[in-house]
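Read through the structure below, which is laid out as structure tokens, and then see the notes.
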Amino acid sequence: MEPTPYRTEPVSFTRRGGRLTERQQAAWDALAQTYVLEVPRHGPSTSVDPSYVLDTAQVFGRSAPLVVEIGSGRGEAVVQAAVDHPELDFLGLEVYVPGVAQTLVTMRHVGVTNVRLMVVNAAEALTTMLAPGSVHELRIFFPDPWHKKRHHKRRLVTPEFARLAARVLEPGGLWRLATDWEDYAEQIRDVVTESPDFDGGEWGPRFEGRPQTRFEGKGLGVGRTIRDVTGVRRPT
Ligand SMILES: C[S@@+](CC[C@H](N)C(=O)[O-])C[C@H]1O[C@@H](n2cnc3c(N)ncnc32)[C@H](O)[C@@H]1O
């Protein structure tokens, strides 16, 4: 028997449990089968079998530009964007199941159908699951800051991760990021500006398509400055 694969790299998240509320459970029961995509696993429950490639035309039932949000949390941004842009398809990648369930609650409330969600480690999804050049826009809003220095190695946005972002983005495709943690903002700016695969990357104006999430509200509440960064995928 093949040994169960295990992770050798630190991951950018800790698996949080948490029960679903009654509303979340009801939304999950009604919608998960259609909107939360099952993927073949490869060891941990947030892993993706490396031989699996997502067929977006099949899962959305049409061919439209794909916007991927990593760490979609409670879904505030991805659902609002899907309402504002019915012509685009949205994929939220999130490891926190109650967040995914809350996203379904909001989707049900507003009635959007152009969103799909997956409980996966985004780093694996970008390495193998998403086809090269298949993503129109990649969004990471408020990645876990991992404040302590000894935890910085867990941060998602690194030069290695920039190569994965470049792998999946189409030429001219946008990589949008935001954070409220100053030294992570500096790291993100450096990662994007120093990447050979992206133009841009300096701190810029707030992306108007990014609604204020509960997480951002907490940062603003304690006086943090929000930094937005956009990288443009260079043609290969
Ligand atoms: C600080 S929260 C921000 C959530 C949301 N973007 C917002 O603005 O409210 C970061 C989220 O990223 C998720 N996350 C962290 N690493 C991830 C990974 N490798 N793949 C998928 N989700 C991840 C966490 O579970 C968490 O929900």
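Yeah, the Cβs are placed from backbone N, Cα and C, and that goes for glycine too.
The C-beta environment of N121 (S-adenosyl-L-methionine binding site), restricted to residues of the same chain at least 6 apart in sequence and closer than 8 Å, consists of V11, F13, P44, T46, S47, V48, V95. According to TrEMBL, the S-adenosyl-L-methionine binding site annotation covers E69, E94, N121, D144.
The Cβ neighbour count for D180 (substrate binding site), using a 10 Å radius and every protein chain shown, is 19. What TrEMBL records for K148, D180, T213, R214, F215, E216 is substrate binding site.
The separation of D144 (S-adenosyl-L-methionine binding site) from D180 (substrate binding site), Cα to Cα, is 10 Å. Taken residue by residue with DSSP, E69 (S-adenosyl-L-methionine binding site) is part of a strand.
Listed binding-site residues: E69, K148, D180, F215. Those with a CB atom under 6 Å from ligand 1: F215.
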